[in-house]
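Below is one structure; the comments refer to it alone.
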Amino acid sequence: MSGFGDFTTICETAPLPLCAAVGPVLQATGRTGIEPECYARNIELANTIIFEGATAVMHIVALVMTVIMILHVRSKFTAVGRKEILSFFYLYMLLSAMSLVIDAGVVPPGSDPYPYLVSVQNGFSSAVITCLLINGFVGFQLYEDGTPLSVWMLRISTLAAFTISFLVSLATFKSWAGLSPTNTVGLFVVLYLLNAIQLFIYVAMQILLVTRTLHDRWPLGDIAFGIFFFVAGQVFLYAFSSKICNAISHYLDGLFLATVCNLLGVMMVYKYWDSITKEDLEFSVGTRMNNWEVKELLPEEERRATVFSEDLYGQNSSYDLPYSPGAARYSAKY
């Protein structure tokens, strides 16, 4: 029976990348790892074997969708928390790219770089969650968003989360500092317990923000959908991955569905941020094309009758008068 922090039960159900670097030494291969009961079949393309083909495609889709969301956020120049939420999407893009490299088998399990790349992936996972938590404080206006204080606090907190998760993961995989592939309590606490606590705090803060400070209640729907997609992804991955994999003949597994649900959850984060963020149109006009395009020329009479000719303190210029070939060179008052 597995105890607290043991990955045996988790890895037998979910085909996680870290499962190839934790657990006892396998007699068949002589390497450390826990083999899942069922995982998606490999795809051979151009004499290259691609692991988790469907999941790899979803990582590419996630990268494309993240680029689109980043472009939309960047177009809102005066939105509250613009720089902070951009950091979240940049980190999610890095996490998706690293997951694509690992899940597709670009660096195969058992190779020397594999533990380091999985440690980087775990570091990005913790960094994304911490960045989301810090973004949750921006809406309360405890400090001015976009200032060096706000941006650097976000960067330092995110870097600290990445460093802790990376070092704990690498120490576990390499048997450093009293940790080992069979002593995974520290890894479990960092990856699962701390991240779950941060997500709970973020959701609680956003519900409080909407109910106490906003008149519109529609953002609660975005929060609800985000929670639903995230929880559904975790259930698919950790509870039903093997059953799904066996039911559809190894074509898909829980990792694919978890990747889809995580992408939908991130999209709900964008939708929620966009719904509670107002933009000053005076400063965002530059993002729209043809704002000053002249649709139709004014008639001659309307173009000459300008407000400047009606100024009580101004003098009429000869340019305000219609041109006449026989008129005198000087004004009548001279």
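Cβ coordinates come from backbone N, Cα and C, glycine included.
According to Swiss-Prot, the protein has these features:
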TRANSMEM  49-69  transmembrane segment
TRANSMEM  88-108  transmembrane segment
TRANSMEM  123-143  transmembrane segment
TRANSMEM  159-179  transmembrane segment
TRANSMEM  185-205  transmembrane segment
TRANSMEM  220-240  transmembrane segment
TRANSMEM  250-270  transmembrane segment
- Considering the transmembrane segment (220-240), which listed stretch of 49-69, 88-108, 123-143, 159-179, 250-270 counts the most C-beta pairs under 8 Å: 250-270
- Positions whose Cβ lies under 8 angstroms from the transmembrane segment (159-179), at least six residues beyond its ends: 18, 21-22, 115-116, 118-120, 122-127, 129-130, 186-187, 190-191
- Item | Stretch among 49-69, 123-143, 250-270 sharing the most Cβ pairs under 8 Å with the transmembrane segment (185-205) | 123-143
- Same chain, outside the transmembrane segment (88-108) by at least 6, Cβ under 8 Å from its Cβ: which residues? 17, 42, 49-53, 55-56, 59-60, 62-63, 66-67, 69-70, 73, 114, 117-118, 120-121, 124-125, 127-128, 131-132, 135, 158, 255, 259, 266, 269-270
- Message: Quick test of the contact rule: Cβ under 8 Å, at least six residues beyond the ends. What residues does that give for the transmembrane segment (49-69)?
- Response: 15, 39-40, 42-43, 89, 92-93, 96-97, 99-100, 103-105, 251-253, 255-256, 259-260, 262-263, 266-267, 270
- Sequence-remote contacts (6 or more beyond its ends) of the transmembrane segment (250-270), Cβ cut-off under 8 Å? 13-16, 38-41, 52, 54-55, 58-59, 61-62, 65-66, 69, 72-73, 85, 88-89, 92, 99, 103, 132, 222-223, 225-226, 229-230, 232-234, 236-238, 240-242, 244
